[in-house]
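Reviewing the structure listed below.
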Amino acid sequence: MSDNAQASQAFQSALSVIETVEPRIAGAIRSELTDQRESLKLIASENYASPAVLLTMGNWLSDKYAEGTVGHRFYAGCQNVDTVESVAAEHARELFGAEYAYVQPHSGIDANLVAFWSILAHRVEKPALAELGAKTVNDLSESDWETLRRSFGDQRLLGMSLDAGGHLTHGFRPNISGKMFHQRSYGTDPTSQLLDYDALAAQAKEFKPLIIVAGYSAYPRRVNFAKMREIADSVGATLMVDMAHFAGLVAGKVFTGDEDPVPHAHVVTTTTHKSLRGPRGGMVLATQEYADSVDRGCPLVLGGPLSNMMAAKAVALAEARTDNFRSYAQQVADNAQALAEGFLKRGASLVTGGTDNHLVLVDVGGFGLTGRQAESALLDSGVVTNRNSVPNDPQGAWYTSGVRLGTPALTSRGFGPEEFDRVAELIVDVLKGTEPTSTSAGAPSKAKYAIANGLAERTHAAASELLDKHPLYPGLEL
Ligand code: PLP
């Protein structure tokens with residue numbers, strides 16, 4: 001991370017300027033740093049971006065409109081945005097070994113929308129236009145356009161189910177991905193809770209999807225993307241991998257060979273703010289074959305790119321090229337192992353029995369709690385996690401039976417395996433010391449709970465001891 005003492009001055013000046021306009025916002029920014037400093041952040045999708053990344057976001061690049069692509073903008077005066085976008089895309093291509101990179105998406109959901117619609121453009125629109133002898137959709141007659149427009153909605157998508165660890169953008173019905181495609185989900189093996197590639201191959205053969213989505217938000221294991229590509233090829237599907245969660249482990253060369261999605265997928269999407277430790281944002285990587293379709297993210301589903309965020313992506317990607325980042329990524333995985341072992345040796349049950357990536361999914365049903373109760377009791381104790389479904393969750397998607405924990409953030413603070421073992425101990429103690437209570441009508445509650453006297457305070461104090469050893473942004477004073 002860059003020099004925090006130097007960054008202090010920049011943040012202090014920025015806050016004093018903000019204070020003169022809206023002191024409550026300056027106050028909230030200050031408080032957020034305090035809160036983040038003082039809690040054990042185990043949310044698997046969060047991290048701490050470097051001061052260099054944070055400072056790159058707040059400037060006048062934000063004021064520039066630049067719809068279009070590098071050298072081909074719908075606005076004048078975009079030379080600096082062109083530099084920003086080119087540098088970010090160059091870093092992304094080099095870091096991930098991708099043929100093409102598109103750094104405009106504002107978020108992971110945007111990146112997935114760009115990917116879906118560019119796959120449809122490549123696989124459905126292009127052949128239809130060629131057959132009709134038209135160059136663009138604007139050249140089509142009303143009736144040909146209507147036929148083509150309807151055919152987008154006839155396409156099939158096969159993605160990982162939410163309760164097996166997939167993301168809502170992978171075909172979940174309440175999300176647009178579940179509405180724009182005929183959608184089916186693949187799950188995991190009911191006994192091992194691991195991906196079953198043979199079952200997936202059989203399902204793909206029967207369903208014949210246009211797109212198979214691999215990748216996850218809450219699956220604590222590595223995926224064999226070479227196998228995924230074989231399955232996609234066997235049914236003529238496009239393989240799209242959403243590596244939002246584990247992009248940092250790919251960038252840091254922890255996931256290589258069959259576990260690296262980039263050489264195997266046609267299209268790879270990611271967020272830039274989770275294990276990759278960059279700014280909030282998304283990115284799409286693609287093979288040359290899909291490049292010109294992905295390049296049309298605007299006007300397909302995006303408007304003007306957020307140039308300040310693309311600049312921050314470039315800075316984060318530059319950081320991710322370093323040996324330091326590689327050691328960080330390896331430490332993220334090693335720490336997850338230590339966390340998982342810490343739970344297992346204390347009798348907790350983990351989905352899939354462990355982890356080999358950056359996250360652990362604890363089945364808290366064994367402690368007699370719902371995910372909601374566990375999440376709340378842990379928060380009361382200074383441990384920030386999020387509840388998450390487990391496969392075939394008996395408590396449903398709101399209350400859930402799981403708590404998802406990730407190592408990227410605390411690893412950024414310098415936590416090692418011993419500290420993660422202690423974190424597991426603290427969490428197990430809280431889960432053991434928490435009991436469900438009843439609703440006011442006397443029925444068992446899925447949300448209410450009671451923590452043993454003094455336990456939350458003791459856990460807070462123990463967490464503070466760990467956190468004090470690894471201060472967040474040391475030297476950064478506000
Ligand atoms: N894809 C996956 C696998 C995710 O886990 C997430 C976020 O949690 C997203 C996409 C969406 O990212 P964003 O919140 O930036 O839209």
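The backbone N, Cα and C atoms fix where each Cβ goes, and this holds for glycine too.
Long-range Cβ proximity for HIS167 ((6S)-5,6,7,8-tetrahydrofolate binding site), meaning a same-chain Cβ under 8 A and a gap of 6 or more residues, is found for GLY108, ASN112, MET160, GLY215, TYR216, SER217, ASP242, ALA244. What TrEMBL lists as (6S)-5,6,7,8-tetrahydrofolate binding site is LEU162, GLY166, HIS167, LEU168.
TrEMBL lists 19-121 (among others) with the feature domain 'Serine hydroxymethyltransferase-like'. Helix, strand and coil content of the domain 'Serine hydroxymethyltransferase-like' (19-121), in residues and according to DSSP, is 62 helix, 9 strand, 32 coil.
Annotation comment: TrEMBL describes 155-427 (among others) as domain 'Serine hydroxymethyltransferase-like'. When pLDDT is averaged over the domain 'Serine hydroxymethyltransferase-like' (155-427), the result is 97.
Summarising the annotation, TrEMBL assigns N6-(pyridoxal phosphate)lysine to LYS274. Classification of LYS274 (N6-(pyridoxal phosphate)lysine) by DSSP places it in coil, neither helical nor stranded.
Taken from TrEMBL, the feature site 'Plays an important role in substrate specificity' applies to HIS273. For HIS273 (site 'Plays an important role in substrate specificity'), other Cβ atoms within 10 Å of its Cβ number 25.
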Least buried by Cβ count (within 10 Å) of the binding-site residues LEU162, LEU168: LEU168
Residues among the recorded positions GLY166, LEU168, HIS273, LYS274 that border ligand 1 - Cβ under 6 angstroms, in sequence order: none
Env. residues of (6S)-5,6,7,8-tetrahydrofolate site, Cβ within 8 Å of mean position of LEU162, GLY166, HIS167, LEU168 Cβ: GLY159, MET160, SER161, GLY165, THR169, HIS170, GLY171, PHE172, ASN175, TYR216, SER217
Neighbour count (Cβ, 10 Å) for GLY166 ((6S)-5,6,7,8-tetrahydrofolate binding site): 24
Three-class DSSP secondary structure - HIS167 ((6S)-5,6,7,8-tetrahydrofolate binding site): coil
